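Comments concern the structure below.
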Amino acid sequence: MTRPRLAQGLAFFLLGGTGLWVLWKFIKDWLLVSYIPYYLPCPEFFNMKLPFRKEKPLQPVTQLQYPQPKLLEHGPTELLTLTPWLAPIVSEGTFDPELLKSMYQPLNLTIGVTVFAVGKYTCFIQRFLESAEEFFMRGYQVHYYLFTHDPTAVPRVPLGPGRLLSIIPIQGYSRWEEISMRRMETINKHIAKRAHKEVDYLFCVDVDMVFRNPWGPETLGDLVAAIHPGYFAVPRRKFPYERRQVSSAFVADNEGDFYYGGALFGGRVARVYEFTRACHMAILADKANSIMAAWQEESHLNRHFIWHKPSKVLSPEYLWDERKPRPRSLKMIRFSSVKKNANWLRT
């Protein structure tokens, strides 16, 4: 009797295991998108596994002379240089450009830049590109992705060797808030369709800005944020976070590290893809509830960076406002806004 029962038990065990395996094969693909909210269009798109370009490790530094780091020597900057989560805060005096050049140039990296010029903002394209050609990632391969509703308005700007400009037509919108809200979605789709095969790092910047001094590989990192020039010296309770709890971008008074600017973010293309997807999903969640965050995508960007800390933070010298006098703590301005009539631009 024992042997038949043992055989019967073994048969039931094998049958149950086979059934579970078949059930798993049937539902595993469904599980990949089961967490996507019902209101999102094309949930499969947001779960794409992209074959990103292979990560390139830094090369050993050989036969290069540079000053010895001295822990006890007074630093050349008055700014904080390290966040509480051990991410570097980059500013003039915190890095050696020649040392970084020797480490990064052998990697043959391609750095992408997305910029949007819709409506009257096309008037800023020429100055932006000319300043980028003079100062942005000199000596590296650069691919500008210019999104515009009017490709005929893009001026011809001479580009250096290894530097490309792709003009990508997009729909125009009458309200500037709608343009801002659509940017995360557009960048995310562009990475999925194209940029993940073409660039190693991607920066997303505003077109009404100009480069004023060299911008190099010191800015490269997994996920990079820039401190907003208007709020780097004020307590976080005064940050213009979204304070309504009904919004996905809600931030409590006791939360937050820095207030980051929406005019600049970047990082490894895979991380930027994940970041823009998360922000776009949060924007859609608000839209489903008829809510628009206080500062649109910038509010969602700041909410995301509280939960998911940036691996590198850029000081306000990388995102300055020309209307403000430069404080003594900033030794240099690298990227700043241009003077403009905001009311005219938004009409």
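Cβ from N, Cα, C; glycine included.
These come from Swiss-Prot:
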{"type": "ACT_SITE", "residues": "Glu298", "note": "active site, nucleophile"}
{"type": "BINDING", "residues": "Phe116, Ala117, Val118, Gly119, Lys120, Tyr121, Asp206, Val207, Asp208, His228, Pro229, Gly230, Tyr231", "note": "substrate binding site"}
{"type": "BINDING", "residues": "Asp206, Asp208", "note": "Mn(2+) binding site"}
{"type": "CARBOHYD", "residues": "Asn108", "note": "N-linked glycosylation site"}
{"type": "TOPO_DOM", "residues": "1-6", "note": "topological domain 'Cytoplasmic'"}
{"type": "TOPO_DOM", "residues": "28-347", "note": "topological domain 'Lumenal'"}
{"type": "TRANSMEM", "residues": "7-27", "note": "transmembrane segment"}
In three-state DSSP terms, Lys120 (substrate binding site) is classed as helix
Phe116, Ala117, Val118, Gly119, Lys120, Tyr121, Asp206, Val207, Asp208, His228, Pro229, Gly230, Tyr231 bind substrate per the record; greatest CA separation between any two, in Å, is 29
One finds that other Cβ atoms within 10 Å of the Cβ of Tyr231 (substrate binding site) number exactly 18
CB contacts for Val118 (substrate binding site) [other CB atoms within 10 A, all chains]: 21
Since the record lists Asp208, Glu298 as recorded positions, which of them has the fewest other Cβ atoms within 10 Å of its Cβ? Asp208
Can you check how the pLDDT averages out over the topological domain 'Cytoplasmic' (1-6)? 58
Counting every protein chain present, what is the number of Cβ atoms, excluding its own, within 10 Å of the Cβ of Asp206 (substrate binding site)? 20
